[in-house]
2 protein chains.
Amino acid sequence: MTCYRSINHRVDANSLRLYRWYYSRLWQWGLGLTIAVVLMLAFIERPSSFSYTSDPRFRPPPWEPPCGLTEGIEIVCLIIFAIDLTTKSYLIGWDEFRKCKWLIVYILAVSASVIDWTLTLSMFCDQNLRVRRLIRPFFLLQNSSLMKKTLKCIKRTLPEIASVILLLALHLCLFTMIGMLLFAKGEVRSHNGEWETYFRDLPTSLSSLLVLLTTANNPDVMIPAYSLNRGYSIFFILFSGFGTYFLMNLLTAIIYNQFRGYLLMSVQASILRRRLGVRAAFEVMSCQGLQCKSLEHVDKHLNITPFECACFPVSLQQLSDGFIQWEAFRSLFDELDKDRIKVHPPKPEYNSPLLQRLQLVFSHYYVMIVGNAVALANVMCICTILVLDSEKSIAERDDYYMEVINCFFILYYLMEMSLKILAFGWRGYLSYRNNIFDGLLTVCLLLLQITIFATYRLPFPKWLVSSLWSYFSLNKYIL
Amino acid sequence: MTCYRSINHRVDANSLRLYRWYYSRLWQWGLGLTIAVVLMLAFIERPSSFSYTSDPRFRPPPWEPPCGLTEGIEIVCLIIFAIDLTTKSYLIGWDEFRKCKWLIVYILAVSASVIDWTLTLSMFCDQNLRVRRLIRPFFLLQNSSLMKKTLKCIKRTLPEIASVILLLALHLCLFTMIGMLLFAKGEVRSHNGEWETYFRDLPTSLSSLLVLLTTANNPDVMIPAYSLNRGYSIFFILFSGFGTYFLMNLLTAIIYNQFRGYLLMSVQASILRRRLGVRAAFEVMSCQGLQCKSLEHVDKHLNITPFECACFPVSLQQLSDGFIQWEAFRSLFDELDKDRIKVHPPKPEYNSPLLQRLQLVFSHYYVMIVGNAVALANVMCICTILVLDSEKSIAERDDYYMEVINCFFILYYLMEMSLKILAFGWRGYLSYRNNIFDGLLTVCLLLLQITIFATYRLPFPKWLVSSLWSYFSLNKYIL
């Protein structure tokens, strides 16, 4: 029994309205925000080591929130979870609720959190055993159907990989034993570095080889033995060859295969459910004597954008004698499923021949390539200056050349922007998403540069300006 | 145009005999051995650093082969390659030869090697530029059709991964620039360890981040900046998150997908070619008036084992009126394609009720499980002794308990072996491959133990005995 968004819910008018509200973007975003807040609390709760530096020598004493602040935020979140739980349980009804293990655990989690919360308050925040922090990740799992699917998939993958993991464990055990026998403590006169460092006792040997399986200590673990006799490398080659390159990759391949199969199946099931839903809707409506007029208020209930509305009448023309057939009904919903093709507004028409010539030139594909080349040149300039200035500290750097170059490029970008607006028109320019991005960054850079010139002092760290520059240039190049 | 084993070859009787001989197991193994010898030469050729230790302080002067020894071996190999080349070219004929680039390069490689060889001899082995060593790996590539397929697949994969590699390069370049700006040399009073160690100049920064892409310097590269301010970790998290976990895995997935598709296609093509061959054989034979009698000497030409011969008459019974139909002909070849089911010889029949009872008990599945449990116990014993003795050197170890335990286990294994022989019979015991393996190891261990008892001195290193023991025990457990 899965508890993903199910079709088993109450269907009376009030419940349907509640259902629609519950699955509205607003409520789901609010729930997501609540979960984020609950998980973020760990950063400021006592005992928190959250400070700007991680070096304990320079760390200032952490900020301690007054007793009741984090608890106050938390109880609000818990109340929201309780409301969420009540709504969800009411919507699916008692029969479905009993079958759904996730919801039952959700109740337990919320109640345990509330009990622990009252205990904390009754002890005036002096609690050392913090139980409810362990429960918090469950709220994230419970709310995300992708997480639930991933968990289920992990559960299904475990038996498949168990045999490989057993083989890996046996491989490790066998080689640990052989290694301990091979690199046993030598006589006093011949110093055995391998035994001393990596094969002193069973835990050391096991961990040496376990780390070797990840190739993290790859040549180091071999060197003392290898310098005694090259033949010892055979042991490590055999171990890595079978363990790292065969068994570990087998593990990866099995997991890859399992997840791929499961996610494919889940998408197929989702499409099947959708088809079934459309069929059921048709059956219900045809029982009630469906006429094409009743379809006309469908668009009020579906969230149909103006663009989709435009294609709706085309499909409705397929109706014959006022009754809609199953084929037409299905193709109507297929139509709604399709990706919307974005239509850009038409280019403005100019009367002047000069403007027409300019429009023709600057709406050409090659202009984009020239723009990319200029952006690449910009990156090159920044790189060159970086290489030349790398030995100087920020205060020592002479930014004269840098700023001249920046001005040149900003002028170019501004010109490109205005010519594009001329060529595509204001609305046409904004209908391309990367144009919006370019334009925003250009305006940002212009404002920054003006601030620099006006005050002769930089209010921001200089690297921020340069990073923005390089980010902008590279992004132009990639897009 | 591929040069795998092709169906375009001469078909007159002499050429066919030559063809059969050329693709016989003997010649192909001989060719493989020659290639191995040519590649192995590098270990003893001047200047070789091949010695038992890799430590240059203790390394003895390497053995220098007399001039002419390695050259003598090499020219024999080259002559064999020349014969191989001539035979192959003769077999496929001039028209096919011209189309096959691999063979043309093969000619060039052999001639270049021979020319370089004469130069070496004329200089009395005092040559510093060793051209033909570079050519040797080609002989391996040329001879292996799997290698050729892999090469072809790599060639097809390169354009697919080029875009990801370009993206990776841009990612690296962008983050290097931002990193250099972020960790610029600070003022004198605030010491900036990050700049000093990892972001001093462009090559250093680039290599720091390139190594970070493989996670090899993972926390180290971040620590100086992280101890200044935790916020700097965002830079490294973004870099690793996109570069290592997204782009690098994308690269792996693309390569995996490409190779998977290509190898699948290659297997399909191979099956198709086989089907086509069977059909062509049928057409040719039916033109010549195929009768079922002509099939009876087919088995002389195909390498048919006695077992396959046994199932041959069954298929021949499908013949109607002396002529074979296409369906029956095809199913006949399908029959030959099938994996052979190994039939074990029947168990011996005993008259004595005691022996019958013993046979019943020791041919049971549970006996194998008990055997595995005993082998596991053996491994446990060795582990325990290893842990107890790990601090002692080999000379200090008291092997009394070890040998008592070994004797016990050897007696058990001997008993198990003889009872299995009793239960399955001599031929039945040998028909299981893991029984052969078990038996051989048991006999080896017995002989070793007898040697130890007879001489009270161990002629082999002790770890060899123990490794054999543990290897044996674990193998019993796995099989």
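Every residue gets a Cβ built from N, Cα and C, even glycine.
Please treat TrEMBL annotations as automatic predictions, because they have not gone through curation.
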Review point. Taking A:103-125, A:264-286 as the choices, which stretch does TrEMBL tie to transmembrane segment?
Key: A:103-125
Point to revise | Of A:394-414, A:436-456, the range TrEMBL labels transmembrane segment | key: A:436-456
Practice item. For the transmembrane segment (A:103-125), could you work out the same-chain residues 6 or more beyond its ends whose Cβ comes under 8 Å from its Cβ atoms? Key: 3, 46, 67-68, 71, 74-75, 78, 81-82, 85, 88-89, 97, 131-132, 135, 138-139, 142
Exercise for review: Just give the helix, strand and coil counts over the domain 'Ion transport' (A:380-451), going by DSSP.
Suggested key: 63 helix, 1 strand, 8 coil
Practice item. Sort out the residues at least 6 away from either end of the transmembrane segment (A:232-256), same chain, that have Cβ-Cβ distances under 8 Å to it, and list them. Key: 157, 160-161, 164-165, 167-168, 171-172, 175, 178-179, 182-183, 194, 209, 212-215, 218, 221-222, 225-226
